[in-house]
Amino acid sequence: MEITNITEYEAIAKEKLPKMVYDYYASGAEDQWTLKENRNAFSRILFRPRILIDVSKIDMTTTVLGFKISMPIMIAPTAMQKMAHPEGEYATARAASAAGTIMTLSSWATSSVEDVASTGPGIRFFQLYVYKDRNVVAQLVRRAERAGFKAIALTVDTPRLGRREADIKNRFTLPPFLTLKNFEGLNLGKMDKTDDSGLASYVAGQIDRSLSWKDVKWLQTITSLPILVKGVLNAEDARVAIQAGAAGIIVSNHGARQLDYVPATIMALEEVVKAAQGRVPVFLDGGVRRGTDVFKALALGASGIFIGRPVVFSLAAEGEAGVRKVLQMLRDEFELTMALSGCRSLKEITRNHIVADWDQPRVVPRL
């Protein structure tokens, strides 16, 4: 069967993967209301396309933290990719590089920062969890720097792990033939089998619940890399993040895996963008499955988006070729959306190109 959109990879991944692994990737927290809402909210934004504009040439290039990329579509950090495919993060890194875009490597990857760097050139960010042992954190950040990673995406929404009931039912744990490669030499690379989610127990034991804004400042004393704060959902935190020296903000609800009944990221985006006032770029992850979704995020002020689950599902289905295909399909759909909306470059995408169901009724001026 020919795959014509990225959502179709999920069903293939479900067939191919062990239940424990598929459920880990696919599920959200508790009732999974936010998981559904991350997708559904996009359908409450409609287009106001402009017509009879010469769209014979379309430029999707952009810069992120000074790095030029081919499109505003990047790869979010997703953990333990070798559960999906033997090549795991290697395949994802090569696919991102081939597409001319950024890959974010998870702290909890099944390939190390050095492994991923060895796949060849590419712009890569490193997602960081802050462990109780700050020496572990400092060591990891230094290794990411040495391996040529260009930014730190600091996850700030996980002082404790959200309640993911599928993982509890499945007694989720990392398969025995895999390790969290970045922590292998520190005796933190394995996950114990428990009566609960093995990951929840690991987080409870290792991740620092006392993490606060002062730690964002501390991070800047140990690295010169720009820090993106990942997990902001409101204006107040956006302002504090900027004051604390963040180079950018990622509007994220952790793929709806942490606190259920937070808004969809596309619903929270505009509030954060307005608070940032252009001082730092604002990005979005969560629920993006179509080129139309990318356009809607940019129209609401995002500088770019990150995709997570489509990467692991396509990786499970077809390895590196699957991830390449996902990036290409999203790119093609986004380009088509731009053309049909009358936009030739990213700067031409404006708030006037969409209408959201929370907008006031428009008063259209008479010409």
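All residue numbers here begin at 1 and follow the chain in the order shown.
Quick reminder: no glycine exception, Cβ is built from N, Cα and C everywhere.
The active site, proton acceptor feature in TrEMBL is assigned to His254. The feature glyoxylate binding site is assigned by TrEMBL to Tyr24, Tyr129, Arg164, His254, Arg257. Sequence annotations record features per position, and here TrEMBL assigns FMN binding site to 77-79, Ser106, Gln127, Thr155, Lys230, Ser252, 285-289, 308-309. As annotated by TrEMBL, domain 'FMN hydroxy acid dehydrogenase' applies to 1-359.
Shown on the structure are the features that TrEMBL records.
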residue	record	Cβ within 10 Å
Pro77	FMN binding site	26
Ala79	FMN binding site	21
Gln127	FMN binding site	24
Tyr129	glyoxylate binding site	22
Arg164	glyoxylate binding site	24
Lys230	FMN binding site	28
His254	active site, proton acceptor	24
Asp285	FMN binding site	28
Gly287	FMN binding site	27
Arg289	FMN binding site	20
Cα-nearest neighbour of Tyr24 (glyoxylate binding site) within the listed binding-site residues, Pro77, Ala79, Gln127: Ala79
Tertiary neighbours of Arg309 (FMN binding site) (same chain, Cβ under 8 Å, six or more apart): Glu10, Tyr25, Ala26, Thr78, Gly255
Close binding-site residues near the residue listed as 'active site, proton acceptor', where close means Cα within 10 Å, chosen from Ala79, Lys230, Asp285, Arg289: Lys230, Asp285
Spatial separation of Tyr129 (glyoxylate binding site) from Arg289 (FMN binding site) - C-alpha basis, Å: 26
Of the binding-site residues listed as Tyr129, Arg164, Arg257, the one whose CA lies nearest the CA of Lys230 (FMN binding site): Tyr129
Recorded glyoxylate binding residues, Tyr24, Tyr129, Arg164, His254, Arg257 - maximal Cα separation rounded to whole Å: 19
Integer average pLDDT (0 to 100) for the domain 'FMN hydroxy acid dehydrogenase' (1-359): 95
Distance from Arg257 (glyoxylate binding site) back to Asp285 (FMN binding site), taken between C-alpha atoms, in Å: 13
